[in-house]
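Q: Please find one structure pasted underneath; my questions will follow.
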Amino acid sequence: MKIHEYQGKEILRNFGVPVPRGIPAFTVQEAVEAAQKLGGPVWVVKAQIHAGGRGKGGGVKVAKTIEDVKRIAGEILGMQLKTHQTGPEGQKVRRLYIEDGADIQKEYYVSLVTDRATQKVAFIASSEGGMDIEEVAHSTPEKIITEFIDPLTGLGEEQAVKIANGIGLPPESTAQAVDIFQKLYKCYMDTDASLVEINPLNRDSKNALMALDAKFNFDPNALFRHADIVAYRDLDEEDPAEVEASKFDLAYISLDGNIGCLVNGAGLAMATMDTIKLFGGEPANFLDVGGGATAEKVTEAFKIMLKNPDVKGILVNIFGGIMKCDTIADGVIAACKAVNLSVPLVVRMKGTNEDLGKKMLAESGLPIIAADTMAEAATKIVAAVK
C-alpha cells in the first residue's frame, strides 16, 4: 500500500525526523489559506499522487507570493500529471501539499528496503539526492552505498556513522544524521513498511538536515495491525479493478496485454503468464482466485477482467488440489451466463474432480475451448485472440 508525501511526512514527524512545515489542500482556496497560515516568504506547491518524478512533470513548483500560490495551485489541481512512473496516461492531481521553502545547500538520498537475499534490511544511501536513484545507479553506481542491518541488533551508532561518512556528510552533520538514520530504521520496522525513502534529505547552509520528501510502501499483509496507516489509503490513486477485486479477496494486478487470466495459486498464475508470452501472447492481468474460490468469486473475477476493453480472450488454468475442478467449472458456467461472454474462453483443468469438471463444461452448451496442457491452452488462446 502506498501513501501520499504529506502523509509520509506526518509519520516521519511522529518518529522525530525533521520535516518542513506543510499543510495539505484540496482546493485553490485551501492552498491560499495554507500559504497564508505558513507565512512564507517562499512556499513549495506540490502535487500529491502515488508516483515519483513529479518535479520533472511540472507537479512541484516554487511560489514567492500568495498570488503565485493561487496561480500554481490552479494549474496543478486537476491536471493529468505524467511522470516516468505513471505511464503515458498520467494520474489526475486531486490534492496538493503547500510547504515551507527550504534553504538547500546539498541533497542526499536515503532509503530502507528488505533484502530477501540476505534476510536483512538494506539501508541504501547516496550523495546524489534530488534525482532518480535509478539514473544514479546506472550512470554512477559508485555513488551509492548499501549497508545491511541485522534485524536482531538494529542500526547501531557505528553503522550509522559509516553511512553518514560514506555519503560525504560533513562532521557538523554527523550526529544529527545518526539520529535521523536510527529513527528512520525504527519507523521502517514499527510501521511494517516495505520501503521508506527520503529523496532528498537536505543539508542547509548551517549543516542541519531535513527530509524534503517522503515515500512509503507498506506490507499489505501487516495492515491489519495498523489501522492508522489504513486510514491514509486513497482509493482514487489505485487501479479501480484492483480495488474491486480486493473486495472479493481476489489477488488482481492489471497488465497491458489482451488475454485475461484466471488461475488458482500465485506460482501457477506467474507460470501461466510466462507461457502465454512464450507462445506470442500478452497477459492482461494477474488474477489468483486462491484455494477457496466460489461460483460468486469466479463470476466477479470474470466481470472485473471484462471491464477492461482490451481483453479479447480469457484463459482459465486450474490445478485442483484444495480447490476442486467441479467447483471452478460451476463458477465458470455461471460467470459465462452472468456476463453474457462474447470473447473466446479456453479452460485447462487438472487435479481433484477433473473429469467431473470437464464433463460439466462440455455439457454446458457454452463455446468453451478445452485444453489438457498449459502449452496447448496458451497456444489456443493466443490463436483465438488474433
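Positions of Cβ are set from backbone N, Cα and C atoms, glycine also.
According to Swiss-Prot, the record shows the following:
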{"type": "DOMAIN", "residues": "9-244", "note": "domain 'ATP-grasp'"}
{"type": "BINDING", "residues": "K46, G53, R54, G55, E99, A102, E107", "note": "ATP binding site"}
{"type": "BINDING", "residues": "N199, D213", "note": "Mg(2+) binding site"}
{"type": "BINDING", "residues": "N264, G321, I322, M323", "note": "substrate binding site"}
Q: Only counting partners 6 or more residues apart, tell me which same-chain residues put their Cβ under 8 Å from the Cβ of E99 (ATP binding site).
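A: Looking at Cβ-Cβ distances below 8 Å from E99 (ATP binding site), excluding near sequence neighbours, one finds P20, R21, G22, I23, L38, W43, V44, K46.
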Q: Work through the binding-site residues one by one (A102, I322, M323) and point out the residue whose CB has the fewest other CB atoms within 10 angstroms.
A: I322
Q: Kindly assign N264 (substrate binding site) to one of the three DSSP-derived states: helix, strand or coil.
A: coil
Q: Hey, how far is G321 (substrate binding site) from D213 (Mg(2+) binding site), Cα to Cα, in Å?
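A: Cα of G321 (substrate binding site) to Cα of D213 (Mg(2+) binding site) measures 47 Å after rounding.
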Q: Quick check for the class: what is the C-alpha distance, in angstrom and rounded, between I322 (substrate binding site) and A102 (ATP binding site)?
A: 58
Q: Any idea what DSSP makes of N199 (Mg(2+) binding site), helix, strand or coil?
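A: Reduced to three states, the DSSP call for N199 (Mg(2+) binding site) is strand.
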Q: Three states by DSSP: which one describes G55 (ATP binding site)?
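A: Assignment for G55 (ATP binding site) reads coil.
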Q: Long-range same-chain neighbours of R54 (ATP binding site), Cβ under 8 Å, sequence gap at least 6?
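A: Once residues fewer than 6 apart are set aside, R54 (ATP binding site) is near K46, A47, V60, L81, T83.
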Q: Name the one residue among N199, D213, N264, M323 whose Cα is closest in three-dimensional space to that of A102 (ATP binding site); these are the binding-site residues.
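A: Result: the closest of the binding-site residues to A102 (ATP binding site) is D213.
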Q: Of the binding-site residues G53, G55, E107, N199, D213, which sits closest to N264 (substrate binding site) by Cα distance?
A: G53
Q: Taking the recorded substrate site as N264, G321, I322, M323, identify the other residues of that chain whose CB atom sits within 8 Å of the mean position of the site's CB atoms, giving them in sequence order.
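A: Counting only non-site residues, the set is G265, G291, A293, I318, F319, G320, K324, G351, T352.
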Q: Please list residues from the chain of G53 (ATP binding site) whose Cβ is under 8 angstroms from its Cβ, counting only those at least six apart in sequence.
A: T83, H84, Q85, T86, D132
Q: If one looks at the chain holding D213 (Mg(2+) binding site), which residues at least 6 apart in sequence have a CB under 8 angstroms from its CB?
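A: In sequence order, E5, E197, I198, N199, P200 meet the Cβ cut-off.
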